[in-house]
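Undergrad: Feature table excerpt (TrEMBL):
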TRANSMEM  25-43  transmembrane segment
TRANSMEM  83-103  transmembrane segment
TRANSMEM  115-145  transmembrane segment
TRANSMEM  151-178  transmembrane segment
TRANSMEM  185-206  transmembrane segment
TRANSMEM  226-244  transmembrane segment
TRANSMEM  256-276  transmembrane segment
TRANSMEM  306-325  transmembrane segment
Amino acid sequence: MLIYNTIFVFLSFLALLDLSHKKNLLFFLFPCFILLLLTAIRGNGGDDFYVYEKYFNALPNEIFNYGYGYYSLNMFVKNFGEYPFFIIISSIICITLQAIFIYRETEKPTLVLFLFYSTSFLWLDFILIRQSISVGFFILAISFFKNNKKIFACLFLILSSLFHETAIFAGVVFYILYRAEKAGFLFTIGSVLIIAPFLSDIITIINDMTIKNNNITLYLEQRTLPSIANVVELTIAFVAFYIINKNSVFRESNEYKIYKSILYSSLCILLLSYTIPSLARFLEFFRFFYFILVVRMLMQFNVRSRYLFFVIILAYCFMRLNSFINQFDSGFDYIYNGKIL
């Protein structure tokens with residue numbers, strides 16, 4: 001637990017510096033490298049860490065259906081090393097993709113990285129190993145889509161789905177809401193409320209007719225992060241969106257539709273997660289955009305308000321990080337070379 005809080009203090013200091021400095025690639029790469037080391041050399045990552053180890057060791061016999069992309073990556077890495085080496089490679093991939101997205105999308109990348117570390121990093125990059133890679137491709141797909149590079153957007157969405165099939169669901173919901181008008185938003189949210197009680201049965205039927213994932217029962221029963229955290233963070237993102245929306249240039253841009261679709265897609269997923277709690281992990285496909293919105297809102301404030309709001313964010317992030325560490329499996333220890341740090 002000490003190692004996580006030490007890095008928290010370090011990143012909070014860099015984030016504070018980032019508030020008052022211009023965007024700098026080298027300044028951003030240093031904390032990215034620290035998080036990469038933290039992720040790559042770990043010997044623990046929750047229950048999924050050991051499930052994925054079992055999957056890796058059983059190859060070429062595929063004991064679980066984890067998608068062609070994840071299978072291919074495991075097979076490739078197995079030619080060169082054991083499971084710890086796979087953790088290094090997967091860590092490099094997911095953090096590289098995440099870092100590229102963050103640096104492309106914001107003028108305060110280190111601050112966004114700090115928000116990510118404090119609220120989602122351990123859950124996504126430590127535990128949801130294959131989804132962390134999928135999310136990396138997915139957020140870049142949205143970034144390409146925002147910049148009208150639709151071929152690259154489709155390519156990265158396909159890559160995302162090869163590592164985690166749920167990316168298709170997230171992408172479809174996003175695109176439907178992107179194309180919908182106000183009535184379409186209301187219809188979609190209303191439909192979500194109607195199908196919520198039957199969702200578990202619907203997912204099982206669709207799975208049996210299509211991908212036939214043998215893990216579907218376990219997946220539907222898995223727990224997720226505390227719902228209150230998801231509610232708080234999505235609410236803050238909505239507030240940030242509507243504050244930024246006062247800017248007429250933003251309101252008339254394609255970016256406005258992108259972020260609006262992301263937020264309402266998240267709302268639909270959050271509502272469904274109260275029926276099947278594990279669906280809340282779909283929020284990870286969109287959570288990076290919450291951080292971008294919050295930082296953009298922060299930069300619209302005057303200097304005094306900006307630093308005051310940063311202190312509030314700091315307090316929330318500290319509680320959020322330590323709440324997760326304490327609640328997940330009665331303690332989330334960092335294990336390096338067999339020792340608890």
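Quick reminder: no glycine exception, Cβ is built from N, Cα and C everywhere.
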Undergrad: With pairs 6 or more apart in sequence, are the transmembrane segment (306-325) and the transmembrane segment (83-103) linked by at least 3 Cβ pairs under 8 Å?
TA: no
Undergrad: Using a Cβ-Cβ cut-off of under 8 Å, list the residues of the same chain that are 6+ residues beyond the ends of the transmembrane segment (25-43) and lie near it.
TA: 3, 7, 10-11, 14, 17-18, 84, 87-88, 91-92, 94-95, 99, 102-103, 109-110, 113-114, 117, 121, 125-126, 334-338
Undergrad: Looking only at the recorded stretches 83-103, 226-244, 256-276, which one has the largest tally of CB-CB distances under 8 Å to the transmembrane segment (151-178)?
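TA: The stretch with the most contacts is 256-276.
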Undergrad: Does the transmembrane segment (226-244) reach the transmembrane segment (256-276) with at least 3 CB pairs under 8 A, where each pair is 6 or more residues apart?
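TA: Taking Cβ pairs at least 6 residues apart, the transmembrane segment (256-276) and the transmembrane segment (226-244) are in contact, with 3 or more under 8 Å.
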